[in-house]
Structure formats: C-alpha cells, structure tokens
C-alpha cells in the first residue's frame with residue numbers, strides 16, 4: 001500500500017437538502033500534481049473548502065499523512081501543512097511583500113518584529129523554489145503573477161506540504177502561466193503534493209500527473225493524464241459530447257450597422273482611443289484583438305454611452321449616437337455584454353428576474369405609473385431562465401449567489417432577448433467554464449446568423465480566431481491592422497498585438 | 001518684548017494647545033488603522049475631560065500636585081470605558097461607524113453636563129481646579145543658549161509626553177507584530193482572517209486605544225487649558241484631532257505633526273495679543289482661524305489622503 005499525504009474517504013457535504021459533494025474519495029501522493037477538473041458548481045470549491053478547514057464535512061473523513069484530521073478552521077489546516085492559494089488573492093495591497101508573507105506568524109525579537117530573520121528565511125525558500133519575488137515592494141505595485149508567487153510563498157513560509165491552487169491561471173498572462181507551471185514542477189520535485197483546480201484542459205495535459213473529474217458533486221473518473229485525450233476529459237467534465245465546430249452560415253455582410261469614424265476617447269486625461277475607424281456590417285462578427293489596456297475598454301465605454309467621446313462620430317443604423325445617454329443607445333438597439341459583469345453588467349443584490357428586467361423596467365408593461373409589475377417581471381424572468389438554461393433555484397434567487405458562468409448567462413439572456421441590431425461582447429467567456437463557453441459562443445454565432453452585427457472584444461486569441469469574420473488589432477489606442485482569421489495564426493496575431501508589425505495588412 | 005520671549009510664548013502656547021490634539025489624533029489613528037472609523041473622538045474627549053475634572057476636584061487635597069497627572073489616567077480609563085460602546089456597536093453589531101460615532105458625540109455632552117448638575121448642586125459647570133498642569137521648565141536643557149529659552153523654558157511637559165507617545169505609537173504600529181496585525185485588519189480583514197488573525201480582537205484593541213488616548217486628550221484639555229468642566233470645555237477639538245489624523249495620513253508621526261500645526265492654529269487668539277504686528281487685527285479672525293484651517297485642510301487633503309483600505313467596513317466572516 002502506498003503512503004498518501006492526503007486521503008479523502010467517502011466525503012459528503014450537504015447544504016440543506018442539496019448535496020454539494022456526494023461520497024467523494026480521492027488520494028494524493030507525495031510529489032504528485034493532481035488536477036481537479038469540473039465545471040463551475042460541480043463541487044470542487046466545496047471539496048477544497050473542507051480540505052482547507054473552511055467547511056466541515058457532513059459525513060466521511062479526511063486523512064492527512066495517514067492520520068484522521070479534524071479541521072474546524074483554516075488555522076487547523078495550516079498546522080497540518082495544507083496551504084491554499086486562493087483564486088482571489090488574500091493579500092494586503094498597502095503592505096510590503098515581506099509583511100504580507102509573515103503576517104500572523106511573525107518572528108520577533110523582544111516585542112519587535114525581526115525583519116532581518118524573516119527576510120533571510122524567505123530568501124532561502126525563494127532560492128530553493130526559484131520564486132522570483134521582491135520583498136520590499138508593496139503588493140499594490142507588483143504584477144498579478146508576482147502576487148501569486150507571494151501567495152505561494154505564504155504557504156511555503158508556513159511549511160505547507162500540500163498546496164491547493166484554486167483556478168491559478170485565470171488572471172495570468174501566457175508567460176506567467178509558463179512560469180507558474182515551472183514552479184508547480186519545482187514544488188512536486190521537492191516532494192510537495194499539489195492539487196490544481198481548473199477547467200482548462202490544456203494546462204492539465206501540460207502539468208498534471210493524474211486528474212480527478214467531478215460532476216454534480218460526484219467523482220466521475222480518476223485518470224492518468226498522459227493516457228487520456230483532451231476531448232475525453234472535456235466529455236467527462238460536461239457529461240455529453242461537446243460541439244466544438246460552429247455553424248457559421250454565409251451572410252451578405254453588406255449593410256453597415258456600426259460606423260465609427262475618427263474616434264478619440266480620453267481616460268484620466270490620457271488619450272486612450274486615438275482616431276479609431278471601425279465598421280461592423282449586418283451578419284458579421286468583428287473581433288477586436290489586443291493586449292489588455294490598449295484602449296479596448298474605453299472604446300466599449302464610449303460605444304455604450306458610459307464615457308464621453310472627445311472627437312469623432314459613432315453611428316448605429318445611420319443614427320448619430322456619440323455622447324448619447326446609455327439608455328438612448330440601448331433603445332437604439334445596442335446590446336452589450338460588458339467586461340466587468342459583476343460591477344457593470346449585473347446588480348448582485350437583486351434577483352435574477354430583476355436583473356433581466358434592467359433594460360425594460362422603466363416603461364410598460366414592466367411598470368405602470370412608476371409601479372413595477374412584478375408578476376410580469378418574474379414571469380419574463382422565468383421564461384428567460386428556461387430559454388437560456390440559467391442554472392438556478394428560481395427567478396427570485398439573488399444573482400450574486402449564482403456561479404460566474406450562470407451570471408454571464410443572465411447578461412447574455414437580457415441583451416440577446418432584446419434582439420439588438422448591434423451586440424457588443426467584451427470578454428464574454430472570461431472565467432466561465434467550458435460548457436458555458438460553448439453555449440455563449442453558440443448564442444453569439446446565432447445572432448450573427450440572424451443578420452445582426454456583433455463586435456467582439458477579447459483577450460483570448462482562440463476565441464477571436466474562432467468566432468470572428470474579420471479581426472482588427474488594437475495597440476495603444478489605435479487600430480494597427482486588420483486580418484482575415486482564415487489566413488492568420490495566433491503567432492502572427494500575437495506579434496501585431498505587441499505592436500511589432502504596425503502595418504495594415506489586408507490579405 | 002524680545003524675540004526670544006515671543007518665540008518662547010508662541011512655542012509654549014502652541015504646545016499647550018497641541019497636547020490634547022496629539023493624544024486624541026493618535027487615538028483616532030489606532031481606531032482607523034484597525035478599520036473602525038472614529039468620529040466619536042469628540043465624545044471620548046468630553047468623557048475624559050469630565051471624569052478627570054471630577055476626580056481632580058475630589059482628590060486634590062489628598063494627592064496634591066500629583067493630582068492632574070493621576071487625573072489623566074482617570075480620564076483615560078473612562079474614555080476607554082466609553083469607547084466600548086463604539087466597539088460593541090460597530091464590531092459586534094456591525095452598525096454604521098459614522099452613526100455610532102455620532103451617537104457618542106450626542107450622548108457625551110448631554111450625559112456629562114447632566115452629571116455635573118447633579119454633582120455640583122445644579123450648576124452647569126464645575127468649580128475651577130486648584131491643582132492644574134502649569135508650565136514646566138526643563139532643568140538642564142533650559143540652560144542651552146537661545147534654544148533652551150525658546151523650547152525648554154516655561155513650556156508644556158504633557159505636550160512633550162504626547163510627542164513621545166506619538167513616536168512610541170509609530171514603533172508600535174510599524175515595528176511590532178501586534179501593530180502589523182492591527183493594521184492588517186484595517187486593510188483586508190478577510191486576508192487577515194485566513195491567516196488566523198482574530199479580526200474582532202484587533203479592532204477592539206484599536207477602538208479601546210482610541211478611547212484611552214481620546215480620554216487623555218480630553219483630560220489634558222481640562223487640566224491644562226480650561227481648568228474646569230462645562231459644556232464648552234471640548235468645542236470641536238475632537239474633530240480637529242480627526243482632521244489632524246487625516247492630514248497626517250493615518251500615521252502616528254504625521255498625526256503628531258499635524259496636531260502641533262492645529263495647536264498653533266488654536267493658540268493664535270492668544271499669541272495674536274503678544275505679537276505687536278498682529279495685535280491690531282480683530283481677534284475674531286484668530287478665533288475662527290482654527291476651525292477655518294480645519295475645514296481648509298480637510299478639503300485639500302481628504303481627497304488625496306489614502307485611508308486604510310477597509311476603514312469603515314464591517315467584517316462579516318464567510319460561510
């Protein structure tokens with residue numbers, strides 16, 4: 001029998017009548033990288049919550065190094081050598097990296113913190129695991145990648161043997177992901193055990209030894225990664241065959257819907273969009289590729305009426321809409337799936353039905369003489385929940401309680417149900433699981449095939465390449481090129497995004 | 001009047017008026033660094049001023065010249081007890097910090113004046129203190145030419161103590177692990193909690209320290225400036241301390257410096273009379289100066305100053 005660092009035996013966790021985890025068992029060996037794969041809401045976070053002491057199991061037990069572990073708070077889990085790297089980093093931006101690492105376990109000399117000793121300990125660890133961190137920098141000044149390394153160091157500093165990474169690559173650039181993968185390998189090589197929660201199949205193939213697939217709170221399969229194909233993993237996760245091919249019909253694409261000319265937009269007194277010309281036709285998806293922060297956000301904000309246009313014109317179906325109010329723009333048939341769904345797209349403390357009514361609540365039939373018609377609002381909500389497959393308990397559930405993918409579906413439902421002439425989608429699939437991605441992509445293509453114009457802004461090159469009929473590349477506020485997705489590669493696109501070949505190329 | 005004498009007067013008057021503000025601003029710094037907004041400093045000062053005055057009047061004939069100093073501690077203890085209300089309301093019951101602080105400010109003067117009437121046969125103010133904090137001349141330092149006269153002759157000993165407390169507070173907040181943890185719960189309580197730091201405990205520490213120091217601030221005001229207690233003993237000094245804390249960027253040293261600046265502003269009506277050039281100016285201007293300066297400073301600095309990230313946010317533990 002092998003020695004397991006962590007052994008989860010027949011664990012069940014109920015919330016009321018709902019079984020979030022149903023008789024889950026898994027084992028983790030020393031020096032192993034185990035991927036935990038599952039859609040949002042499959043029960044991964046619940047399981048890890050129990051392993052890190054945030055939740056207590058309803059039934060079953062957890063063995064750490066062969067001994068039964070009782071963990072009633074995160075402190076207990078830390079004592080047992082379990083380190084958690086949260087998806088949303090638990091860091092204090094105003095503190096230095098060093099202070100963030102030692103907080104709660106500070107070495108002291110008398111009543112003062114012994115900063116020298118702390119720094120020496122951490123530097124030794126950093127060297128051993130090749131973690132590049134700047135101890136003196138303030139956390140608010142360092143990159144997301146380094147923030148993650150600080151989180152890893154926090155666990156190492158507390159002598160963790162088991163590392164749980166919750167969706168660690170969600171916010172990282174491709175280079176940072178490569179670096180993270182190196183760190184994961186280094187941890188495993190030093191005999192640490194790693195659990196890697198994700199829904200990105202590529203990364204599992206690249207780094208994990210074994211993969212546990214969870215669906216609806218149950219373990220569906222435990223597989224050796226090297227012997228399993230990506231498609232097979234995806235199917236196990238979703239529970240059905242995925243349709244990766246999209247049905248793009250041939251469209252006329254002649255009549256322009258959105259016409260932008262010489263657009264200048266400023267943010268914080270800096271020119272963020274500089275002389276952009278852009279046209280989107282009926283039945284066409286135009287993809288805007290670019291590295292985050294090159295003016296895409298400001299472009300969308302200007303198009304949707306959230307930011308003043310400095311110069312230039314925006315026309316939708318021939319109507320001048322620059323500097324019109326957001327409501328006016330919406331009424332002229334512009335729908336938007338915004339970048340920041342939790343702050344811009346939704347009102348989290350309102351119900352699903354209320355959020356679905358946000359574009360209509362102010363006029364009949366949703367309201368009359370200033371009073372809301374809740375019967376109708378809830379009825380419409382119920383229908384949209386059904387039509388758009390929003391997984392929820394009822395239409396009166398708070399949107400804030402839904403998973404990311406389902407929150408995004410609420411926005412998609414609201415915007416598409418209005419049949420917009422122009423649909424703007426900004427990173428529509430960021431942070432949502434593979435099933436929801438497939439679904440949202442289908443809906444966008446559906447809009448295109450119905451003869452509507454779609455402007456897609458995304459940082460995911462694969463998404464842009466897959467959906468777009470035309471791709472424009474934005475760099476430092478300008479459109480630096482236009483390419484045909486049929487005749488390009490992600491490498492070429494990547495170079496243009498970096499501003500390497502700022503020439504317009506029409507092939 | 002010679003230049004040295006004028007400087008000495010300006011300096012010592014400034015310090016006398018600065019001392020209560022320094023203590024109270026430091027108190028505010030501790031509270032807000034732990035994440036609890038404290039607009040109740042004024043109320044805490046009032047309680048400190050009242051309790052210390054009552055104690056002083058009652059024990060002056062027993063304790064003699066040590067009375068004002070012991071009165072400071074009494075003011076501190078009552079300030080601390082009073083601040084428990086704010087701690088319970090904001091930390092345990094998650095009340096809005098501004099509302100809770102306002103309640104303290106409304107309650108303190110009403111309660112203390114009411115008690116004054118009960119204790120002192122219906123009068124709205126206490127008798128004048130016999131034993132108060134006078135001026136102090138440092139034995140050796142005052143012999144230094146010029147500087148000794150300006151800085152260390154007939155000056156406020158308690159103000160020097162306040163500056164020392166300010167320096168100690170800085171070491172406490174920025175060099176000890178308790179200080180680091182106190183600041184962490186004011187910046188990101190969720191992160192602190194995941195590291196096993198009890199958010200409530202450290203916030204209590206912050207609020208109680210503010211009550212303790214605010215109580216001292218009020219006591220100093222009564223023991224060295226007004227020399228009795230009435231409804232007007234504390235008239236905006238708590239808010240000036242709050243302004244000093246903001247002006248000093250929630251840093252003990254900054255708050256101390258800013259409080260000295262406000263002390264100068266407060267001493268203007270007195271200094272104005274001594275300085276020949278200023279003696280013709282209508283004294284009304286000097287009297288409104290401290291308040292006007294407070295407003296101006298807040299307008300210019302409140303926007304720019306960076307408060308602790310979780311200042312004023314109640315912490316609700318995750319499920």
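Keep in mind that glycine also has a Cβ here, set from the backbone N, Cα and C atoms.
Feature transmembrane segment, per TrEMBL, maps to range B:103-120 of the set B:103-120, B:121-138. Looking at B:69-91, B:230-252, the range tied to transmembrane segment in TrEMBL is B:69-91. Segment contact is absent for the transmembrane segment (B:6-27) and the transmembrane segment (B:103-120), given fewer than three CB pairs below 8 angstroms at sequence separation of 6 or more. Using a Cβ-Cβ cut-off under 8 Å and counting only residues 6 or more beyond its ends in the same chain, the transmembrane segment (B:259-278) has close neighbours at 1, 6, 9-10, 13-19, 21-22, 24-25, 159, 162, 240-241, 243-244, 247-248, 286-287, 289-290, 293-294.
Non-local neighbours of the transmembrane segment (B:39-63) in the same chain are 20, 24, 27-28, 70-72, 74-79, 82-83, 86, 97-98, 100-109, 111-112, 115-116, 119, 126-127, 129-132, 210-211, 214-219, 221-223, 226, 228-229, 233-234, 236-239, 241-242; each lies 6+ residues outside the stretch with a CB under 8 Å from one of its CB atoms. In this chain, the transmembrane segment (B:204-223) touches the transmembrane segment (B:69-91); three or more CB pairs sit within less than 8 A of each other, excluding pairs fewer than 6 residues apart.
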